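S.K.: This is the structure I want to talk about, given as structure tokens.
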Amino acid sequence: MSWFTPELIEILISVLKAVVILLVVVTCGAFMSFGERRLLGLFQNRYGPNRVGWGGSLQLVADMIKMFFKEDWVPRFSDRAIFTLAPVIAFTSLLLSFAIVPVSPTWAVADLNIGILFFLMMAGLAVYAVLFAGWASNNKYSLLGAMRASAQTLSYEVFLGLSLMGVVAQVGSFNMQDIVNSQEHVWNVIPQFFGFLTFAIAGVAVCHRHPFDQPEAEQELADGYHIEYSGMKFGLFFVGEYIGIVTVSALIVTLFFGGWQGPFLPPFIWFALKTAFFMVMFILIRASLPRPRYDQVMSFGWKVCLPLTLLNLLATAAVILYNAQ
């Protein structure tokens with residue numbers, strides 16, 4: 001009797017696909033840190049990292065070696081267990097958020113019927129990591145940064161979820177494959193433009209990226225909630241932020257820009273090209289926009305994004321009811 005039954009082979013193939021996809025996501029997040037510095041140098045008329053390797057190509061390797069050998073320091077009077085757990089939760093929750101994204105018709109870590117709800121759950125779990133880091137560090141700047149981050153993230157997650165409800169109502173499913181298949185003729189960005197706009201803004205805010213990086217503002221909070229972190233613990237926070245950018249970019253592509261669909265090229269290539277475009281847009285936003293005050297960020301969310309999201313949802317519901325008659 002052979003152990004390698006068809007069912008076992010299918011399970012092994014699924015596990016292999018999941019490992020490959022998640023490793024690619026981590027690699028993309030790591031390489032984006034180097035690409036961002038090079039692009040920012042280009043935008044600001046300077047060189048950027050160009051000393052290690054040809055044209056700075058080994059800068060990422062040098063950063064990893066440096067981070068690996070730095071002292072793994074824990075501050076006095078801190079809660080060691082929670083201090084250590086926070087970066088692990090941050091990294092894991094952001095990485096698992098990508099699990100529901102189909103990169104091709106047959107490649108996805110998990111094909112869940114509640115795919116969008118799973119993403120919102122993982123995004124909410126990342127808030128606990130920020131709170132744990134701020135509280136366990138026993139540092140006033142860390143705590144202030146954590147309070148800012150949690151309030152901002154929870155506020156913009158409201159708009160993040162509501163902006164997706166128009167797509168869900170239009171398609172009639174929370175499943176990501178169903179959403180991609182529904183865009184065979186028309187991308188969702190056309191009927192759901194305001195949903196796309198609010199989702200993109202909320203995605204930048206949830207990732208704590210410029211101009212919504214008040215929780216980590218160096219001029220005000222000396223790097224915010226991860227001021228006390230060093231070594232690999234800081235590395236998990238650092239790479240996790242870029243994994244969040246990759247995940248939000250992939251979700252924008254999947255939900256509003258047809259996912260892996262496109263002519264001539266293989267599906268995975270289309271998905272990668274579209275995702276790379278929005279990753280570059282994250283960097284361009286950082287290079288071109290100033291940082292507003294924290295109260296302006298919160299007011300913009302509740303006074304602009306929320307009404308826009310609700311109007312989009314009401315308009316979508318009205319169109320669906322009209323077409324059903």
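Easy rule for this one: first residue shown is 1, then count along the chain.
Cβ atoms are placed via backbone N, Cα and C, with glycine included.
In case it helps, Swiss-Prot gives these features for our protein:
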type: TRANSMEM; residues: 11-31; note: transmembrane segment
type: TRANSMEM; residues: 81-101; note: transmembrane segment
type: TRANSMEM; residues: 114-134; note: transmembrane segment
type: TRANSMEM; residues: 154-174; note: transmembrane segment
type: TRANSMEM; residues: 186-206; note: transmembrane segment
type: TRANSMEM; residues: 237-257; note: transmembrane segment
type: TRANSMEM; residues: 265-285; note: transmembrane segment
type: TRANSMEM; residues: 304-324; note: transmembrane segment
S.K.: By a Cβ-Cβ criterion of under 8 Å, what residues six or more beyond either terminus of the transmembrane segment (154-174) are in contact with it?
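M.R.: Contacts with the transmembrane segment (154-174): 112-117, 120, 123-124, 127, 182, 188, 191-192, 195-196, 198-199, 201-203, 205-206, 212, 255-256, 298, 301-302, 305-306, 309-310, 312-313, 316-317, 320.
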S.K.: Give residue numbers and ranges for long-range contacts of the transmembrane segment (265-285): same chain, 6 or more residues beyond its ends, CB-CB under 8 A.
M.R.: 28, 32, 35-36, 39-40, 43, 103-105, 107, 204, 207, 209-211, 245-246, 248-250, 252-253, 257-259
S.K.: State the residues, same chain only, that lie 6 or more residues beyond the ends of the transmembrane segment (304-324) and have a CB under 8 A from a CB inside it; answer 'none' if no residue qualifies.
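M.R.: Cβ under 8 Å, 6 or more out: 156, 158-159, 162-163, 165-166, 169-170, 191-192, 194-195, 197-198, 201-202.
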